[in-house]
Amino acid sequence: MGKRGGKKGGRGRGGWGGSRGPPRDNRVDKATIPRKNDKFEQYYNQLDLVSEEEKPQLWEAMRRDLPNSFRFTGSRSHALAVQQRLRDFYIPEITSITYDGQLVEPPQPVSWYPNQLAWFMTTPKHIIRRFPPFKSFQNFLVAETDVGNITRQEIVSMIPPLLMDIKPGMTVLDLCAAPGSKSAQLIEMLHDGEEERSRKVAENTANGLARPEGAEYEDDGRSPGLLIANDVDYKRAHMLVHQVKRLSSPNIIVTNHDATVFPSIKIPSEPTTEGKPAQNRYLKFDRILADVPCSGDGTARKNLEIWSKWTPSNGLGLHATQVRILVRALQMLKVGGRVVYSTCSMNPVEDEAVLSAAIQRCGGQSFVQLVETEGYLPGLKRYAGLKKWSIMSKAGRIWHSYDEVLNEQATRGEDTLSRLTEGMFPPKDDLPLERAVRVYPHQHDTGAFFIAILEKKAEIKAKSEEKPVAAPAMKVETADSSGTEVKLATQLDGQIAAVQNGAQSPKRKRDDEADVEPAVKRIKADANGSTEEHEAPQPSKTTETKTSTPAAAASMLQPPIQQNSDRPRKDRNQPFEEPFKYLSPEIPELESIRTFYNLSGRFPSDRFLVRNPAATATKNIYYTTALARDILTENEGKGIKFVHAGIKMFVKQDAPSPEVCPWRIQTDGLKVIEPWVGRQRVIKLWRKETLRKLLVEMFPRFAGEEWRNLGEVGEQIQNVGMGCCVLVVEPRAEEGDSGFNERMVFPLWKSIQSLNLMLPKEERKAMLLRLFNDSTELVNLQQHPGGKRPEKKVEETTEQVRVRNSSSPESDVPPADAEGVDGEDGGVTLERET
């Protein structure tokens, strides 16, 4: 048998392999990329998007690099504290920095964003990352991003969620969610005010008082709302999971489906009084975000390849797919609910024409109406949606109406013009398309974006699409607001409709076409060919997407499957996901948890789940909302591809004695359960120096007289049994500058002779920077007794570091199989004593 990784040039040992040498830097200097495309500029200039006086400003802004921007996580109680740290420390530091002989412009708040939680900076990223004076600011951004307090996001990308008017109890769907920055905004809105409400209810309960009145308190202050974030690409769906997990929300489900045929989601049926079988019930959403795949020409400031690769075909090739996504969104919406439709394209074929076509397919303005946006986001400079526009064909000819196209086809018989369909041109009906929002780069120094709000006025049955004569295949290249390029090869029918959401998406670059979504359940159609609202449309049979293997292509065209089996279906093209199995509240493990933490009976015990087929609590226990539980259980084995749900609440580890509950509270779930933990397992901290010591030192000892070194925590720890505790950092006015001005909670593990704050190293370092402006190296007192770390060796060469890392683990991280190791808590042993 050959050695693992023995083949020359292989990666079996983790290095670069063989004689390939270090990776080459293939990056291209942005300054060398021409930012000009005559056809691109000609088309948009003749549309008169802006006044003649503004056109030079528009194109000048389009040719500049995009500013950096980021957003503070609004649902976090300490978001304003993190923001204040930026104001008090980093901005004064940055204003003193000079680069190329000029003072650097510091970060500034985005004027129109609520509570100044969004900021931007014109200094290029490569300078911030590589210029030494920016090191502390860069470390701040990276650390706070890693722990979920900051999200890097393009400014105009922040607009669509703000127009959705989300309340905590709503059900929300993000149809094309990856990479997840907008989903993160939606989660924040769902949790608005939740921490304060939950603590209020818990305090009332502990003091024998009634729960406060109001719908927001029905689930004891917890938000009953739900976000389903979907993406067709499996790998990008997991990227989405990584993004949303930073926010520690039990109110989220991540799915992996084609947005044009997103499956209907069953929910439990209402009980019947007549004894008749209950009718199927399907989830309807209060709000849906359709941030659809688009040509992405509004991102030319970031995705510079658009300048050389833009063609009018890009937008034409995506129009029909965008219409399908929007129609499917409207089908799944509650009456009175709203869809926010958005693109990062300036092309009216992808913007206003999609709105017009979708409204027409849904029955007109009696069923779907465009909502006035003028009153939203005061201070946001914007243009109204277009009422009139023309279309540029692949050959560069401008067409002003569909009648011109028909006349040309009749006289010259050009088949290529069948790509231009009536729905791409301005509607003959008087639709108030001016209610949409257009944002251009020169207005706020951003990318370009299009946003519209549609409200459902009555139940709808979507009309069937037209089936024009097929046209030749066309290659479509797209890019999204994150600068990701996607190359599409589509077989076009007359409506340029044959683009599957995953294969064409400008929001995703396909790494493996085997991840393409197989056809979902077969739908029913009435005599007119219209589809019921609770039924997912069939994928177009004319669709043919270029794939890496014939099998992958075939999987897109296979007949839809019926979702009537209770057994999970195995799909060779779909990676395996462990099932979601809810635990019975009566199992011994949950009883042990309730007893050990003295959990209030008000905290629900029927929302805990595990990810294994046997439904046994072995290592991790997760927690979701009641609605998420109903969805996951009702749709088990019925073809819906769930990727992620809820938060990790408990993790099992070896306990020092049988009396100690082995299930410790995970950081992700602590804020949800903390208000309901009995006071016996709560330790309070109110002095900065005590918290700093616990952050810097891992496993500080309290045996003998050493407890005195732990301040107010040392005094309390004597009377608390071993195992997991809740450490509550509370503000106390009498402490003054030595105390805190924000409340925080952490999991704390008490072992036989030492304590450990159960935080990953990254979060420890972020908190030290934020609270104390301290970059002290962390010390593991089990590995370095006395708190002294060995002196650092002389700096190694890159090659020495590579060789060492390829064959040995880091010196301060125990082996993966060491007893009690949990990588999510910083890779340290949890209870082993020296």
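Cβ atoms here come from the backbone N, Cα and C positions, even for glycine.
Site annotation (TrEMBL): S-adenosyl-L-methionine is bound by Cys176, Ala177, Ala178, Pro179, Gly180, Ser181, Lys182, Asp231, Asp258, and the candidate from Asp146, Asp286, Asp291, Asp297 recorded at this site is Asp291. Beyond its flanks by at least six residues, the region 'Disordered' (194-222) meets 75, 77, 168-169, 600, 602-603, 625-626, 671-672, 675-676 of its own chain at Cβ-Cβ distances under 8 Å.
Counting residues of the region 'Disordered' (194-222) by DSSP class, helix then strand then coil, yields 16 helix, 0 strand, 13 coil. Binding residues for S-adenosyl-L-methionine (Cys176, Ala177, Ala178, Pro179, Gly180, Ser181, Lys182, Asp231, Asp258, Asp291) extend across at most 19 Å, taking the greatest CA-CA distance.
Mapped onto three states, the DSSP output places Cys344 (active site, nucleophile) in coil. DSSP assigns Cys176 (S-adenosyl-L-methionine binding site) to coil, not to a helix or a strand.
Summarising model confidence by region, the domain 'SAM-dependent MTase RsmB/NOP-type' (58-457) averages a pLDDT of 92. The two recorded residues, Gly180 (S-adenosyl-L-methionine binding site) and Cys344 (active site, nucleophile), have Cα atoms 15 Å apart. Between the alpha carbons (Cα) of Lys182 (S-adenosyl-L-methionine binding site) and Cys344 (active site, nucleophile) lies a span of roughly 13 Å. In the shown protein chains, 27 other C-beta atoms lie within 10 A of the C-beta of Lys182 (S-adenosyl-L-methionine binding site). Between Cys344 (active site, nucleophile) and Cys176 (S-adenosyl-L-methionine binding site), the C-alpha separation comes to 13 Å.
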